[in-house]
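Comments concern the structure below.
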């Protein structure tokens, strides 16, 4: 929690105002933030200075793992996080590539599981990584990326947390995740959970020990309509100890994640928090 709160304080005290064309709002912004999560000791980075809803974050990333491209599929997993971008985003609604209600286009998991080659064939990036790590192979290119500029016009949103690099040292697996932009009051809670859980899951299904997850953010910001709540409410609260994440040990393969796994297979233990804070969300 300390590193999260330190980043929030840094933005409030050192940030500069930057206009955001997509949302029409101004953001208090800092460049470059590095966070680290201790997955080995199960220090689950769930925000405690406001009530945080972890299930939607894991459900969303499970949808990425499955390569989903429709908000309805994400809702079925237990998260509504793509409803607005799929159905309210004005630019996407006017995009001729949009295929109707709930369509997200070629975003996130679609790129991770079916990256298009010039000849029309696709590459399953995640499958390659899982296969290599299971065999104890780290070719120093165990990289999953959702960032495909050639297909930005085919999706409702460019990826924010866009690239994940796995590193195997002995039998310990580490993860470095890269994020181009982060709405700190709302998005970072989600992203922290996802980085931590992704490493925990990948270690489990490849038979490796989980090590540390490193989270690198380029543009970390607080929107103008979020600042007062962050400065005058959340940063005034004392954090509680971090909880732990329990994952069903029967999850042993990528196929398990693709088929039968639900949110019932995850449990957070020992979570204490302050009252919720309703931060505005910018589409």
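Cβ from N, Cα, C; glycine included.
Quantities reported herein were computed from a predicted structural model and do not represent experimental measurements.
In Swiss-Prot this protein carries:
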type: ACT_SITE; residues: 160; note: active site, nucleophile
type: BINDING; residues: 22, 180, 181, 182, 183, 191, 221, 222, 223; note: dUMP binding site
type: BINDING; residues: 183, 282; note: (6R)-5,10-methylene-5,6,7,8-tetrahydrofolate binding site
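Overlay of Swiss-Prot annotations on the structure.
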| residue | record | DSSP class |
| --- | --- | --- |
| 22 | dUMP binding site | coil |
| 160 | active site, nucleophile | coil |
| 181 | dUMP binding site | strand |
| 221 | dUMP binding site | strand |
| 282 | (6R)-5,10-methylene-5,6,7,8-tetrahydrofolate binding site | coil |
Select one residue from 22, 223: among these binding-site residues, choose the one with the most other Cβ atoms within 10 Å of its Cβ.
223
Are there any residues at least 6 positions away along the chain from residue 221 (dUMP binding site) with a Cβ closer than 8 Å to its Cβ? List them or say none.
11, 15, 18, 27, 28, 29, 30, 181, 182, 183, 184
Inside 10 Å of the Cβ of residue 282 ((6R)-5,10-methylene-5,6,7,8-tetrahydrofolate binding site), count up the other Cβ atoms and send me the figure.
17
Cα separation, residue 282 ((6R)-5,10-methylene-5,6,7,8-tetrahydrofolate binding site) to residue 223 (dUMP binding site) (Å, whole number):
8
What same-chain residues, at least 6 away in sequence, bring their CB to under 8 Å of the CB of the residue listed as 'active site, nucleophile'?
179, 180, 181, 182, 187, 191
Please find, for 22, 180, 181, 182, 183, 191, 221, 222, 223 as listed binding dUMP, the greatest distance between any two Cα atoms, in Å.
21
Residue 181 (dUMP binding site) CB neighbourhood, other CB atoms within 10 A:
18
